Amino acid sequence: MRILGIDPGIARVGYGVIDTSNGQQQMLDCGIIRTNPGIDDGERMVEIASDLRQLIRRWKPQLAAVEKFFFYRSSTTISVVQARGVIIMTLARFRVPVMEFPPMQIKLALAGSGHAEKDEVLDAVMRELNLDQPPRPDDAADALAIALTGWFQR
């Protein structure tokens, strides 16, 4: 099964693609979709949707796993929620099933504790995907953790 993990954001959207068809998890790709901070949020949403469409066409995921947020008053909350909506809509247009996970569930699935530190989750990502080096940037590593959670929780 090919799974696309997504760490939503407005400035940077992390993505990670894993394949599980050979009995073990393998990283195929990871990175970020970076938007131009000099344009309005609507145009940034167009950039996110366009780049995500390219990823979907390239990797043809059978499942998407997206981080679900619970915000407590933040100036970027509305923009990130809007970006997340664009991501979910784009996946739906390509008929990619979506699973959503809050951060604590991702930490629990990978590190065994919903209160695990970021480095514990990163260690689990490296172990599960048999990586010698940590994926960079952090948003991409987070997206791989989300993809793995999708695999474990499917």
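Cβ from N, Cα, C; glycine included.
Listed in Swiss-Prot for this protein:
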BINDING   Asp7, Asp139  Mg(2+) 1 binding site
ACT_SITE  Asp7  active site
BINDING   Glu67  Mg(2+) 2 binding site
ACT_SITE  Glu67  active site
ACT_SITE  Asp139  active site
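Cβ neighbour count for Glu67 (Mg(2+) 2 binding site) (all protein chains, 10 Å cutoff from its Cβ): 23. Cα to Cα, Asp139 (Mg(2+) 1 binding site) and the residue listed as 'Mg(2+) 2 binding site' are separated by 11 Å. Taking the binding-site residues Asp7, Asp139 in turn and counting surrounding C-beta atoms within 10 angstroms, the largest count is reached at Asp7. Rounded to the nearest whole angstrom, the C-alpha distance between Asp7 (Mg(2+) 1 binding site) and the residue listed as 'Mg(2+) 2 binding site' is 6.
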